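Everything on this sheet refers to the single structure shown next.
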Amino acid sequence: MANMRKSHPLLKIINHSFIDLPTPSSISSWWNFGSLLGICLLIQISTGLFLSMHYTSDTMTAFSSVTHICRDVNYGWLIRYLHANGASMFFICLFLHVGRGLYYGSYAFMETWNVGVILMFTVMATAFMGYVLPWGQMSFWGATVITNLLSAIPYIGPTIVEWIWGGFSVDKATLTRFFAFHFILPFIIAALAMVHLLFLHETGSXNPSGLDSNADKIPFHPYYTIKDILGALIMISVLILLVLFSPDLLGDPDNYTPANPLNTPPHIKPEWYFLFAYAILRSIPNKLGGVVALVLSILILALLPFLHTSKQRSLIFRPITQVLYWILVADLLVLTWIGGQPVEHPFITIGQLASILYFSIILIFMPLSGLIENKIMKWY
């Protein structure tokens, strides 16, 4: 069996990726989130597949088909809430995964990092389209507001919006195509994740020190398989607790009201994982400027390899940049809070200041602190 594992064309690939993969001996639990994201994707695809068997993508029956899933289908409520809260777990793991990459300088592997940025955009697009499907008030108005942003594109904007809608407003055609895209995108995400892994295994993983670890590597199995299983058990336990005790904790009560184009909810807001980007969008009084800032809030990650000025890779020995990093984390939490607040004083000002700080830290302060730390190293 050992020989077959190393000689069989298909098993050989699996062996080199998950069994005999040389892995740095010092990587911490912060490296668990890649495997957790894979598990989240599997949970989402499997629960989504069962939901799609009972869901109908028609404006007249979409809301009642979701109600039917929860009330009449065996364990339909469980599948539905696993899917909804699984998305939240997905984004928690995604943000922690990106945060770890930022802290330990994983963006130095440019190919892996850029595929990761594309993956993040794809996951966000998938989650947005999934939120539209239950056809509640927040689904409808969220879809209307976000798709309308494309009308800010000069000259071709309004045409693109009508093309996406399949008419002159968000309606049956929009819901049907969003369902089609929401179904296919997770498989594209799975393919991109394989490309992400392919590029990662070309270079090997980094480690907390940011130094070369070729002299000190251990096989992935059993050491890191056990570690990943522990991480998976913790994550699944948290997900099950969330689903069984407070399944609507992260949702919006407005989405339990069927979509009504004649009645606008008092506060239109997306799911919690988009609130930071939504706050950045709202903080700019110009429509096109807001859309550009919204896209840049994620696309800025692709610039990180070019903004790296330090002679060290990781932040572990860089106290000034460490302080900036944690200010950035706090700033993102403030933006998330602001995104859920109404557009009124003082929230508008706080949102604008937090948005300026977000871009300033990444584009100005972090590269400057890298240069300052290089100078300090020369003195000692």
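Glycine residues also receive a Cβ, built from the backbone N, Cα and C atoms like all the rest.
Here's what Swiss-Prot has on this protein:
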type	residues	note
TRANSMEM	33-53	transmembrane segment
TRANSMEM	77-98	transmembrane segment
BINDING	HIS83, HIS182	heme b b562 binding site
BINDING	HIS97, HIS196	heme b b566 binding site
TRANSMEM	113-133	transmembrane segment
TRANSMEM	178-198	transmembrane segment
BINDING	HIS201	ubiquinone binding site
TRANSMEM	226-246	transmembrane segment
TRANSMEM	288-308	transmembrane segment
TRANSMEM	320-340	transmembrane segment
TRANSMEM	347-367	transmembrane segment
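Highest Cβ pair count under 8 Å relative to the transmembrane segment (288-308), across stretches 77-98, 178-198, 226-246, 320-340, 347-367: 347-367. When the C-alpha distances from HIS182 (heme b b562 binding site) to the binding-site residues HIS97, HIS196, HIS201 are tabulated, the minimum falls on HIS196. Away from its own ends, the transmembrane segment (178-198) comes close to residues 17, 37-38, 41, 44-45, 48, 52, 55, 57, 112, 115-116, 118-119, 122-123, 125-126, 129-130, 132-133, 143 of its chain (Cβ-Cβ under 8 Å, at least six residues beyond either end). The transmembrane segment (33-53) shares the most Cβ pairs under 8 Å with 226-246, out of the stretches 113-133, 226-246, 320-340, 347-367.
Counting Cβ atoms from all protein chains shown, HIS97 (heme b b566 binding site) has 21 others lying within 10 Å of its own Cβ.
In the three-state DSSP classification, HIS182 (heme b b562 binding site) falls within a helix. For HIS182 (heme b b562 binding site), the count of additional Cβ atoms within 10 Å of its Cβ stands at 21 [all protein chains shown]. Long-range contacts of the transmembrane segment (226-246) within its own chain (CB-CB distance under 8 A, at least 6 residues past either end) are made by residues 29, 32-33, 35-36, 39-40, 43, 78, 81-82, 85-86, 88-89, 93.
In this structure the C-alpha atoms belonging to HIS201 (ubiquinone binding site) and HIS97 (heme b b566 binding site) are separated by 17 Å.
The two recorded residues, HIS196 (heme b b566 binding site) and HIS83 (heme b b562 binding site), have Cα atoms 24 Å apart. Counting other Cβ atoms within 10 Å of each Cβ, the lowest count among the binding-site residues HIS83, HIS196, HIS201 belongs to HIS201. Here the CA atom of HIS83 (heme b b562 binding site) lies 20 Å from the CA atom of HIS97 (heme b b566 binding site).
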